[in-house]
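Features reported for this protein in Swiss-Prot:
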BINDING   Arg108, Ser174  glycine 1 binding site
BINDING   Thr250  glycine 2 binding site
DISULFID  Cys183-Cys197  disulfide bond
DISULFID  Cys243-Cys255  disulfide bond
CARBOHYD  Asn54  N-linked glycosylation site
CARBOHYD  Asn242  N-linked glycosylation site
SITE      Leu307  site 'Important for obstruction of the ion pore in the closed conformation'
TOPO_DOM  23-268  topological domain 'Extracellular'
TOPO_DOM  290-294  topological domain 'Cytoplasmic'
TOPO_DOM  316-327  topological domain 'Extracellular'
TOPO_DOM  350-472  topological domain 'Cytoplasmic'
TRANSMEM  269-289  transmembrane segment
TRANSMEM  295-315  transmembrane segment
TRANSMEM  328-349  transmembrane segment
TRANSMEM  473-496  transmembrane segment
Amino acid sequence: MKFLLAVAFFILISLCIEEAYSKEKSSKKGKGKKKQYLCPSQQSAEDLARVPANSTSNILNRLLVSYDPRIRPNFKGIPVDVVVNIFINSFGSIQETTMDYRVNIFLRQKWNDPRLKLPSDFRGSDALTVDPTMYKCLWKPDLFFANEKSANFHDVTQENILLFIFRDGDVLVSMRLSITLSCPLDLTLFPMDTQRCKMQLESFGYTTDDLRFIWQSGDPVQLEKIALPQFDIKKEDIEYGNCTKYYKGTGYYTCVEVIFTLRRQVGFYMMGVYAPTLLIVVLSWLSFWINPDASAARVPLGIFSVLSLASECTTLAAELPKVSYVKALDVWLIACLLFGFASLVEYAVVQVMLNNPKRVEAEKARIAKAEQAVGKGGNVAKKNTVNGASTPVHISTLQVGETRCKKVCTSKSDLRSNDFSIVGSLPRDFELSNYDCYGKPIEVNNGLGKSQAKNNKKPPPAKPVIPTAAKRIDLYARALFPFCFLFFNVIYWSIYL
């Protein structure tokens, strides 16, 4: 028995603690919430009686106490005409990948509601500026943006809604919105394109029998000076139209639209795409002036050009939507890539001409013949001795004790002495030398030694001769490639500009 009492007491204490905690939590939530405004039609008679009779609040209560926001003005009568105008605060750049743009606007709607005519005893101004909390108490058009992707209201620091009620029953509502709107792009002329982006305002539930949207006369869309990073937008290029739509089963729904014409600025793409790719193509032509034998210089130059252009194509493709048609920029990049690839193909043709088997065999035979001719010339030079000399030289010998110098010495002192007495005593195997007996070089202006030195000098090896056909290909390429690229530029810019 005592055990059951203890359990019951424990359960009772737990319930009390839980109830106290829930009350504390709800009170904290209530403090954080803003007090909700009740429309006059929802307030009790006692609450309405507390309002002073001559106050503006009392006049509003008298207007709205029997007001039903669920019923449109002129119910079962003529449709309500809603005059619309827009003030554009900011205009975001168009995103090519998602095909949309973002705007920040003041949307203003004005209509007449006979139920909201101010009483004759109202002595204030012709319009009442009403707190946005009363906006929910009024009937309002069910406007939405037909091509909207996302949108949001602004409530910093207060809810950005402005409400006016005029003496004759006109109601003006202005609200600040940020909207992302779809804009289907035609990128055929990209980046020299002009885009037309729409903003469509449509009724969601009311047909044309109940509601009609009308653009305000004058300038329904007010646009201040707005600078976009890639586009130019001007007030003169804004168009207005009617886009009333028919939906099967429900009928016609009112719709108005504004069309913004945006012209793309080409400067960014000129500096970032066209100029670099043009220079890369011109760089690939430098290989035509490099010796065909210099493969280490020509091949990397061509490969660098092709890879750079291919990388540029890949980078731009990632930044643009995947469309099924060819854009103007694609035509340019493909043409530049073909010119770079053609320079590589041209060098391949030159290499085929250089490595032709018949040409290689003929070159080997020519080099061998040249080497044989050089060998014969060296033997003739070695036979040029004193007795075979055509020009007389002054020679002398040096004798130390009983040993004679092992070579004939020619010196400047001998040339001055004009001594020919020892010529007959020289053995036949002695040869002239350009060195004296002490191994020092001497200069002989008209003697046999200088002639023999020239003849004994080994000639350089024969250089391979580049075929005329290979040279002709490079020569033609130097003129043909720039001419073709210039012709392509004339056609390209005349079409797309």
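Positions of Cβ are set from backbone N, Cα and C atoms, glycine also.
Of the ranges 269-289, 295-315, 328-349, the one with the most Cβ pairs under 8 Å to the transmembrane segment (473-496) is 328-349. In this structure, the CA atom of Cys255 (disulfide bond) is 6 Å away from the CA atom of Asn242 (N-linked glycosylation site). Long-range contacts of the topological domain 'Cytoplasmic' (290-294) within the same chain, counting only residues at least 6 positions beyond its ends with a Cβ under 8 Å from a Cβ of the stretch, are 301, 347, 350-351, 354, 464, 466, 470-471, 474. The Cα of Arg108 (glycine 1 binding site) lies closest to that of Asn242, out of the recorded positions Cys183, Cys197, Asn242. The two recorded residues, Leu307 (site 'Important for obstruction of the ion pore in the closed conformation') and Cys183 (disulfide bond), have Cα atoms 35 Å apart. Long-range Cβ proximity for Cys183 (disulfide bond), meaning a same-chain Cβ under 8 A and a gap of 6 or more residues, is found for Ile94, Met99, Asp100, Tyr101, Asn147, Gln195, Cys197, Lys198.
A Cα-Cα distance of 23 Å separates Cys243 (disulfide bond) from Ser174 (glycine 1 binding site). Residues of the same chain lying 6 or more positions beyond the ends of the topological domain 'Extracellular' (316-327) and with a Cβ under 8 Å from any Cβ of it are 96-99, 185, 187-190, 273, 333.
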